[in-house]
Amino acid sequence: MENKSIFCDDITEFCADSSNLTGIVSINIFSIIFNILNLFVLRSLEKSKRTTYFWIIVNIMISDVAASIAFVFAFNCWLNMEIVNSSSATAKIYQVVVLIFAFTSFMTRNFIFALASYERYISICRPFNVSSNKVLNNLGICFVIIWVGSCVLMAIPVATGTENYCYGEFGVMPLKFNPQLDVVFGVCMTITCFICILCWFRAWKELKKMERRNTTGGDDLAVRRSAQYIMLMFVLFYLSSIPTILGVVFNQVGGLSQNLVSVNRWISTIYQSLYSILNVIAYILMTPGYRLHISSLFKKRSAVAPAGNR
């Protein structure tokens, strides 16, 4: 095999564990299809397009698609084999580009959840200020800043200090990244997590007041359900980052077994691959109106199909 210099030291046969990597790729391909279908269904909700919450959900789903695409490229054994058999320069450039794409999608999710938490906080605690809030009135600009800013923010540390990058057990994902990426990643996660927790702490108290009013329908119920969904996905998202944070810690601590580091990375990879699918399922289950909309679409299709066969 060519370009042995780009392989990690512990690799004797690249893609030796191809069945596990194929499983990861399959999950992410299904996630891409599942999320795209869901986006098409969301697109048919004409009334919802006028709300800020709708566009936050759309961008969450798009970031999930981007993350799954990045994972397909990162863990695709056949594709990576073709890349490593080309020139070393090509393999290194491909690795850096895929890593930038993967970290950008992850950080975009992170910032979108911070924006979603703020949007729900304003909608719940200050509903009369929604129409005059500058952030919510310029949501499109905020999304552009998030997507472009995340790319720039991740590209700089990922593309510098690449001497430790190598192809290994997890395809283009090296077991150890450079210190500057660890610092930028950690600072961004800490700041956005603080914003989310602060917004949800205040929103949670207002939600409790809503429950004490014993309202079971109308706007209060819709606000509570949407808030509970964002809160749940926020918690699951940050739980998915725990193995990643542990990986950063493991990188800085010597003497740990390679098996422990590898198991931690597998847990993180599988969890994050499933997260995008769980996100859609949770949204469907926790949004009664959306379930009814999906049901009505299926009923329309079943009613049209027999008529077309006559």
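Note that Cβ sites are derived from N, Cα and C of the backbone, with glycine treated the same way.
If you look up TrEMBL, you'll see 20-41, 53-73, 93-118, 139-159, 183-204, 229-250, 270-292 marked as transmembrane segment. Summarising the annotation, TrEMBL assigns domain 'G-protein coupled receptors family 1 profile' to 34-283.
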Checklist entry - Considering pairs 6 or more residues apart, do the transmembrane segment (20-41) and the transmembrane segment (139-159) have at least three CB pairs under 8 Å? => result no
Next on the checklist: Six or more residues beyond either end and a Cβ under 8 Å away: which residues meet both conditions relative to the transmembrane segment (183-204)?
Outcome noted: 103, 107, 110-111, 113-114, 117-118, 120-121, 124-125, 153-154, 156-157, 227, 231, 234, 238, 241, 244-245, 248
Item to check | Other parts of the chain folded back onto the transmembrane segment (53-73), taken as Cβ under 8 Å at six or more residues beyond its ends | outcome: 24-25, 28-29, 31-32, 35-36, 38-39, 42, 45, 79, 98, 101-102, 104-106, 108-109, 112-113, 115-116, 119-120, 123, 139-140, 143, 146, 172, 226, 230, 233, 269, 272-273, 275-276, 279-280, 283
Checklist entry - Any idea what the model's mean pLDDT is for the domain 'G-protein coupled receptors family 1 profile' (34-283)? => result 84
